[in-house]
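What follows is a short report on a single structure.
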Amino acid sequence: MTEAVDDLVLVINSGSSSIKYQLLDPDSGTVTAAGMVDRIGEDNAGIEHKADGETTERREAIADHRAGLRLIFDTFAETGHDLSNAGVRAVGHRVVHGGEVFYRPTLIDDSVVEAISDLSALAPLHNPANVAGIESARQLLPDVPQVAVFDTAFFHGLPDAAKTYAIDAKVAAAHGIRKYGFHGTSHEYVSGQVAELLGRDPARLNQIVFHLGNGASASAIRGGRPIDTSMGLTPLEGLVMGTRSGDLDPGIIAHLVRSADYDIDQVDRLLNRDSGLKGLSGVNDFRELRGLIDKGDAAARLAYDVYIHRLRRYLGAYLIDLGGVDAITFTAGVGENSPDVRADALAGLSRFGIEVDPAANAAKDRTARRISPPDAKVVVLVVPTNEELAIARAAHRVAETEK
Ligand code: AMP
């Protein structure tokens, strides 16, 4: 069966060794099919594809992103959704780094691909993978508009004082060193949902958003525009994450190089892959961390305490930056599913009007909801993020305006 999918958008999120994808309706958010190709470049690569309530799995060697995307298209066809004939309206690509160049969803042509590729020095793991996904999708669906949606775009207009690192200005200028911020699609989507949910004009809301997944970031948003965010030149800065350190004394790097003979790849690996919750406790998954804490594991407890301590530091900073906050929102895997993190992050702050209602916080509810008491000055919310939907909507919008 091949159905008409006239107004659907295919969203592609290419990582260094994976491709996640969704085919969805940008209006309703209804997902026709979704899946992931993983372990690209390895012999035991494969695909998991979900459509019409059924899961198709296949393991086989996948040489590169092109082969991965080919497999995705073949799997769509085999499961009754032939993408090349079905009139997909647009393809939306998540692109991690837009640098100073891209600050809105952008229709892709050769020069855009080249510019994204040129930004690879700023995101060496991500942008090349994004380019590979884009090039393959353009070959497979040559007549469909392809749109790049940048993770950095929402933060493009950060105030100078927030985006500037206090290093030699000439060095910074020569190498594009500034705070770019990431998870922008999520922060923009979630803060927009909050305004809608509260029935308030976004222009009159001060918000703090915590995107707490494997990667984690916080943002301070005034009148719908971010005034600061925790990630920086790269997604390493800021909060404690699954495997990333977040903020640290940069002197640690010189110390490791001088005293422990680290080279730059070892430093990179330590801070990006072997730090954060994993570095402190051995596990990067929050559910496993919770299990260890419940068994009395002291390292896991400390990892959790460091995680919360960092969260509260950003909360305090943003509270002051904003001069008061109307809404604090938690999103992504940990933010949506971990009531203890939400309660501990905001504990003891009633004098600032910040309170969490224990019953509302503990409720197992997957929808956007308020978890502060009705009379609290600051509204605390849990809002599921949906980056795919935000990308699909942006891609659809660009495709329609470029008609
Ligand atoms: P994300 O990057 O948004 O997919 O989030 C991944 C993180 O969310 C991992 O640390 C997971 O352990 C965590 N997570 C997912 N589901 C739950 C859950 N039910 N309870 C606690 N943490 C969760």
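Residue numbers in this text run from 1 along the chain shown.
Here the Cβ of each residue, glycine as well, is placed from N, Cα and C on the backbone.
In the three-state DSSP assignment, the secondary structure recorded for Glu387 (Mg(2+) binding site) is helix. The Mg(2+) binding site annotation in TrEMBL covers Asn13, Glu387.
The ATP binding site annotation in TrEMBL covers Lys20, His211, Leu212, Gly213, Asn214, Gly215, Asp285, Phe286, Arg287, Gly333, Val334, Gly335, Glu336, Asn337. Neighbour list (Leu212 (ATP binding site), Cβ cut-off 8 Å, at least 6 residues apart, same chain): Leu239, Leu311, Phe330, Thr331, Ala332, Gly333, Val334, Gly335, Ser338, Val341.
The substrate binding site annotation in TrEMBL covers Arg94. Arg94 (substrate binding site) falls within a strand when secondary structure is assigned with DSSP.
For Asp151 (active site, proton donor/acceptor), the same-chain residues lying six or more positions away in sequence with a CB closer than 8 A to its CB are Arg94, Val95, Val96, His97, Gly98, Phe182, His183, Gly184, Thr185. For the recorded site, Asp151 (active site, proton donor/acceptor), the DSSP three-state label reads coil. Residues annotated as active site, proton donor/acceptor in TrEMBL: Asp151.
Among the features that TrEMBL reports, site 'Transition state stabilizer' is placed at His183 (among others). A coil conformation is recorded for His183 (site 'Transition state stabilizer') in the three-state DSSP classification, outside any helix or strand. Within 10 Å of the C-beta of His183 (site 'Transition state stabilizer') there are 29 other C-beta atoms, taking all protein chains into account.
Long-range C-beta contacts of Arg244 (site 'Transition state stabilizer'), restricted to its own chain and to partners at least six residues apart, with a cutoff below 8 Å, comprise Gly215, Pro235, Leu236, Leu271, Asn272, Arg273, Ser275, Gly276. What TrEMBL lists as site 'Transition state stabilizer' is Arg244 (among others).
Least packed by the Cβ count within 10 Å, out of the binding-site residues Arg94, Arg287, is Arg287. One residue stands out among the binding-site residues Asp285, Glu336, Glu387 for having the most other Cβ atoms within 10 Å of its Cβ: Glu387. Cα of Asn214 (ATP binding site) to Cα of Asn13 (Mg(2+) binding site): a distance of 16 Å. The Cβ of Asn13 (Mg(2+) binding site) has 23 neighbouring Cβ atoms from other residues within 10 Å, across all protein chains displayed. According to its DSSP assignment, Arg244 (site 'Transition state stabilizer') is coil.
For the pair Lys20 (ATP binding site) and Glu387 (Mg(2+) binding site), the C-alpha distance works out to 12 angstrom.
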